[in-house]
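These come from Swiss-Prot:
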type     : residues      : note
TRANSMEM : 32-52         : transmembrane segment
TRANSMEM : 76-98         : transmembrane segment
BINDING  : HIS82, HIS183 : heme b b562 binding site
BINDING  : HIS96, HIS197 : heme b b566 binding site
TRANSMEM : 113-133       : transmembrane segment
TRANSMEM : 179-199       : transmembrane segment
BINDING  : HIS202        : ubiquinone binding site
TRANSMEM : 226-246       : transmembrane segment
TRANSMEM : 290-310       : transmembrane segment
TRANSMEM : 322-342       : transmembrane segment
TRANSMEM : 349-369       : transmembrane segment
Amino acid sequence: MRFIKKYPLLNIVNSFLIDYPAPPNISYLWNFGALAAFCLGIQIVTGIFLAMFYVPSIESAFSSVQYIMRDVNYGWLIRYIHANGASFFFICVYIHVFRGLYYNSYITPRELLWNLGVTILIVMILTAFLGYVLPWGQMSFWAATVITSLFSAIPVVGEYIVIWLWGGFSVDNATLNRFFSLHYLLPFVIALLSLIHVAVLHESGSSNPLNIALSVANKVPFHPYFIFKDLLGIIFFLIVFCYAVFFKPDSIIDPINNVPANPLVTPTHIVPEWYFLPFYAILRSIPNKLGGVITLGLALIVLFLLPFITNNVFKGSFFEISKTILFWSFFSVCVLLGWIGFKPIEDPYLMLGQMLTVLYFFYFFSLAVIVPTLQAYTFKNVFAK
């Protein structure tokens, strides 16, 4: 330890991974931050290798992906790790976010920490969308066309923004090139934001299931207790991940995307990847294009506002049955929105999507208005006596 503390860079590593004081009562739900970082590392490494053989051209993109799968040594493995790694990355991050919601990890003094996490999530969504376009299959092309066309809903300047995004008057070579460039760059932006996220975490301190402030004397060092706990989580993660890669590699890939992009043939039903589906359902639940875009934006912005619109007397859902019921209702709404996003735009799915969208926002309204009112009533009529 004396050797590590002698050098400034190693001393930073020591303060982050060895001597960092962590609450002794955190559960395995706190492992998913480390698992998300592990997934990000996998994505960056496999992405670099894939970029060596990928050709960002509408004539060659699809063929280059097939070349990677068939002729590059272990190219099939690298691609399947990258494709399935994206799904597992989102699984880890979504569990991380829902854990934060359940245990109120967004309240003082962790407002900045929470908002950095939401920023990382949004950059992840953008990066994943750009990557989904790169294979240049049928679904990739039409996903790029539909999603970028949403900017045309912006009054006055919308059409100009779409042309600027495309680099022309249609989705073409310029579009694919800039999508590839950004998809290669943004994972490093996510890595930088993650480092800042961890630095802020070490400044504000980790939360815990009881969400109570603990002194340093009541905490334990990160090593060896949580290092080995995280390693155990990574081992279990790798078992499930390897099963998906080696036995179910195509389970998340839309079969239509194995067909080269054809601008003259529109798929009967455009479905994005599963991790976009809840937001996709919110987007299309509003019949008006501009209204749908605004609603989608609000669905993400409200996550930023969460630390500032809630006023909690009790610090964690652990102590409040009302917030526990609200949380699991919200979780169910998100799962159902994902299911609705997978379905065609027709009744009854359209009506259900609109109802679930209202319930999505009702959760945040409840945290801002209804829960504080119940807390004030409880304090006044129960604890005051």
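The backbone N, Cα and C atoms fix where each Cβ goes, and this holds for glycine too.
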* Contact ranking winner - 76-98, 179-199, 349-369 against the transmembrane segment (290-310), Cβ under 8 Å -> 349-369
* Number of Cβ atoms other than its own within 10 Å, given for HIS82 (heme b b562 binding site) -> 20
* Contact call for the transmembrane segment (113-133) and the transmembrane segment (32-52): at least 3 Cβ pairs under 8 Å, seq gap 6+ -> no
* **Outside the transmembrane segment (349-369), six or more residues from its ends: residues with CB under 8 Å to it** => 281-282, 284-286, 295, 298-299, 302, 305-306, 309-311, 323, 326, 329-330, 333-334, 336-337, 340-341, 343
* For HIS183 (heme b b562 binding site) and HIS197 (heme b b566 binding site), what Cα-Cα distance in Å is obtained after rounding to a whole number? -> 21
* **Neighbouring C-beta atoms (10 Å sphere around the C-beta of HIS202 (ubiquinone binding site))** => 14
* Cβ neighbour count (within 10 Å, all chains shown) around HIS197 (heme b b566 binding site) -> 20
* Structure fact -> Expressed in Å to no decimal places, the gap between the Cα atoms of HIS96 (heme b b566 binding site) and HIS202 (ubiquinone binding site) is 17
* Measuring Cα to Cα, how many angstrom lie between HIS197 (heme b b566 binding site) and HIS82 (heme b b562 binding site)? -> 24
* Asked: Near HIS183 (heme b b562 binding site), how many other Cβ atoms are within 10 Å of its Cβ?
  -> 22
* Round to the nearest Å and give the CA-to-CA distance linking the residue listed as 'ubiquinone binding site' with HIS82 (heme b b562 binding site). => 30
* Tell me, by DSSP, whether the residue listed as 'ubiquinone binding site' is helix, strand or coil? -> helix
